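Here is the structure we will look at, set down as structure tokens.
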Amino acid sequence: MSEIFIYPQATCIAGVDEVGRGPLVGAVVTAAVILDPTRPIVGLADSKQLSEKRRLSLYDEIKEKALAWSLGRAEPEEIDQLNILHATMLAMQRAVAALAIVPDFVLIDGNRCPALPMPAQAVVKGDSRVAEISAASIMAKVTRDREMVELDQRFPDYGFAQHKGYPTAFHLEKLAALGATEFHRRSFAPVKRVLGLA
């Protein structure tokens, strides 16, 4: 963890992070994690900085050692209806609501907090400063990446397993050639253009 982060005075803290705001396809996935202070997990860092092998190993360790963890999501239709920011906030609310233990404080990666029934604080670069947020980042990323691999099996021509739905040159090329799948986000500009909605 880079800079020192001063934790709030609370006994049960959940960390929350999201994955999948930028892709053109699939859900935005969030996770909430409450770590067990008596069972520390070594090597937590922002999920994007870890190798896939290390991320998967930490994913299993978090599932085993965390006091509670849960996932939330907002589907492409919700993203299109609400916009990506509001859909992300909704997915975060769902992740916190699904925790088996109710936290008394929530730390959220980024600069905005969704409305929650308990105190919360946004932490910029929280995924590299707060262990609970790092753990949430790992849970969300592994979950979403697996969904993209499954989607790739259904639509093998788009390369979802490689680019995870992000607007790479390859993805944009296939989108233009093949059109949008039912899982593409119709409100995102490259998809809009292909559908003739832009």
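Heads up, the Cβ atoms here are built off N, Cα and C, so glycines get one too.
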Practice task
From the candidates ASP109, ASP145, ASP152, give the one listed by Swiss-Prot for the same divalent metal cation site as ASP17, GLU18.
Solution key: ASP109
Completion exercise
Restricted to the domain 'RNase H type-2' (11-198), the mean pLDDT of the model is 96
Problem - Shell of the divalent metal cation site beyond ASP17, GLU18, ASP109, same chain only (C-beta within 8 angstroms of their C-beta centre) - result: VAL16, VAL19, THR30, ALA31, MET92, ILE108, GLY110, GLY126, ASP127, ILE133, ALA136, SER137, ALA140
Fill in the blank from the handout: ASP17 (divalent metal cation binding site), Cβ-centred 10 Å count of other Cβ atoms over all protein chains shown, is 31
